[in-house]
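Copied over from TrEMBL, here are the features:
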BINDING   Asn58, Lys59, Ile60, Asp61, Ile104, Val105  GTP binding site
Amino acid sequence: MFLFDCLYGMTDYYAKVDGIVYLVDAIDKVRFVESKKEVGRLVLDDSLSQVPFFILGNKIDIPIAASEDELRYYLGFFSYTTRKGKVNLEDSNIRPIEVFMCSIVRKMGYGDGFKWLSKYIN
Ligand SMILES: Nc1nc2c(ncn2[C@@H]2O[C@H](COP(=O)(O)OP(=O)(O)OP(=O)(O)O)[C@@H](O)[C@H]2O)c(=O)[nH]1
């Protein structure tokens, strides 16, 4: 099961969650503050602490879209992501977390995110 986007009131389902995908509109910069709060809430949720998490910044086909680094910065993940290779989690408490950019209408980018996520799901 994946948690997709912000799903308030779904804590009953958290025990079954294999991965979290949080979709952000990369052109709606005014709402980055709201996204930062929601992402922070999910990241700090103890019941999801081992769950791989990726953020998808959508609409990169539009020139004013935030870049990947901007999104990392605005969501508070600049030095916190685990990068796109696979991290060995066995000897650490690191939780896989990463940012990917995509354009859903152009059908590009999100596949990389799901491939990355699949490395951490048994
Ligand atoms: N150019 C472009 N447009 C997109 C993309 N993804 C969605 N849209 C369009 O953006 C418009 C608004 O859709 P969303 O951004 O999903 O908005 P929403 O979820 O309905 O509304 P909010 O939750 O308020 O953001 C629709 O017309 C979509 O077709 C994309 O990757 N690129």
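Along the chain as shown, residues are numbered 1 onward.
Just so you know, glycine gets a Cβ as well, placed from its N, Cα and C.
A map of TrEMBL features onto the structure.
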residue : record           : Cβ within 10 Å
Asn58   : GTP binding site : 22
Lys59   : GTP binding site : 19
Ile60   : GTP binding site : 21
Asp61   : GTP binding site : 14
Ile104  : GTP binding site : 14
Val105  : GTP binding site : 10
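The residues near the GTP site, meaning same-chain residues not in Asn58, Lys59, Ile60, Asp61, Ile104, Val105 whose C-beta sits within 8 angstroms of the mean position of the site's C-beta atoms, are Ala26, Ile62, Ala65, Cys102, Ser103, Arg106, Met108, Gly109, in sequence order. The record assigns Asn58, Lys59, Ile60, Asp61, Ile104, Val105 to the GTP binding site, and the maximum Cα to Cα distance across that set is 10 Å.
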